[in-house]
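Can you read through this structure? Questions will come right after.
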């Protein structure tokens with residue numbers, strides 16, 4: 001009987017593990033949909049999208065219910081098979097007393113034997129069910145173990161021999177030297193042979209179509225993904241320093257503000273490096289001081305109790321407090337009102353005047369006053385020059401992108417970029433070196449890549 005139980009369990013396990021895995025996969029969309037719906041309730045109501053969201057939820061729920069029903073049905077069939085074997089065994093024991101009765105068989109002995117057989121069957125069934133359930137649940141462990149197979153990031157702390165000084169970077173120069181990046185060995189490179197130098201305090205606008213490599217370039221700079229080639233910041237190879245030492249020295253204001261469910265103080269200064277007076281002074285610079293009465297004011301998850309503009313201004317305040325020499329803007333003003341947009345742009349020009357600023361631009365008007373525009377296409381540098389110079393060249397790719405915005409906007413671009421060019425300290429007298437595919441090219445005010 002034990003052998004039959006073991007064989008039935010093995011047959012069941014092949015199906016149970018796959019069904020348990022399928023149930024887990026179909027359960028995730030249900031939870032994600034509920035969480036997203038709760039976060040976006042105001043948007044759903046204002047858009048009158050309740051019916052659409054209900055249909056989406058029903059679709060996810062039906063898929064999960066189907067997988068769960070299959071799992072329950074398989075478990076029921078497994079139990080039925082075990083019960084069938086148990087019934088056959090009890091029947092065999094009962095008939096054995098009849099067939100092999102020698103006249104000395106008593107009813108009490110038969111009852112005792114049958115009761116012991118039932119206890120034995122129950123224990124064996126319980127053991128089979130529990131081991132089967134334990135093995136089926138191990139699919140969760142299997143999914144967790146998949147994370148152990150991921151490539152590890154570099155060390156968080158720098159080796160003492162390579163640890164940069166506390167003042168690093170004190171200039172903000174960035175150099176890309178033959179940088180390639182691909183997210184997996186089976187995927188094509190998303191960055192291809194990037195070679196350029198960004199001088200200290202330059203304001204760079206990074207533009208390109210979807211998939212051009214703008215975000216991948218920032219990922220390489222933060223070492224979110226490992227790359228081939230070398231990136232230097234103030235002459236130091238960022239691969240040779242710890243991730244904490246690198247990332248703590250680069251500030252970023254993302255398009256979607258990142259705020260934590262914590263106090264205002266913890267969101268502004270997570271590591272408590274600054275006193276309250278410095279925090280309040282920064283809040284005043286971004287015109288948020290009047291919006292809060294205390295640094296202990298609690299911020300909800302993702303800043304849901306703040307407006308979009310306030311969330312973005314808090315991220316700006318955090319960058320000001322960090323006072324790093326390199327700042328990255330991922331279209332930080334895309335989702336705010338015009339007044340907040342103006343405040344953010346003005347504050348950045350004032351507080352980060354001597355810092356290197358890289359702006360990922362989805363709207364060209366935000367980078368027309370930049371010192372240089374870095375235009376990417378399929379991971380390659382197509383152009384790298386002042387926007388005014390590129391707009392003057394009707395053969396440039398940047399000119400074609402700007403032309404798509406319309407004639408009136410194009411005229412405004414010319415006016416803004418020309419004024420910025422005339423006032424820039426990085427004009428014709430300053431050269432930018434770009435090395436592309438072993439050929440060193442010097443870009444001055446009259447040329448483009």
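Here the Cβ of each residue, glycine as well, is placed from N, Cα and C on the backbone.
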Can you identify, from 29-52, 53-76, 77-100, the stretch that TrEMBL calls transmembrane segment?
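The range carrying the transmembrane segment annotation in TrEMBL is 77-100.
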Tell me which of 106-124, 125-143 corresponds to the transmembrane segment entry in TrEMBL.
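Feature transmembrane segment in TrEMBL: residues 106-124.
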What same-chain residues lie close to the transmembrane segment (77-100): Cβ under 8 Å, and 6 or more beyond its ends?
1, 4-5, 8-9, 12, 16, 110, 113-114, 117-118, 121, 125, 128-129, 132
Average the pLDDT scores across the domain 'ABC transporter' (174-403) and report the rounded value.
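Summarising the domain 'ABC transporter' (174-403) by its mean pLDDT gives 89.
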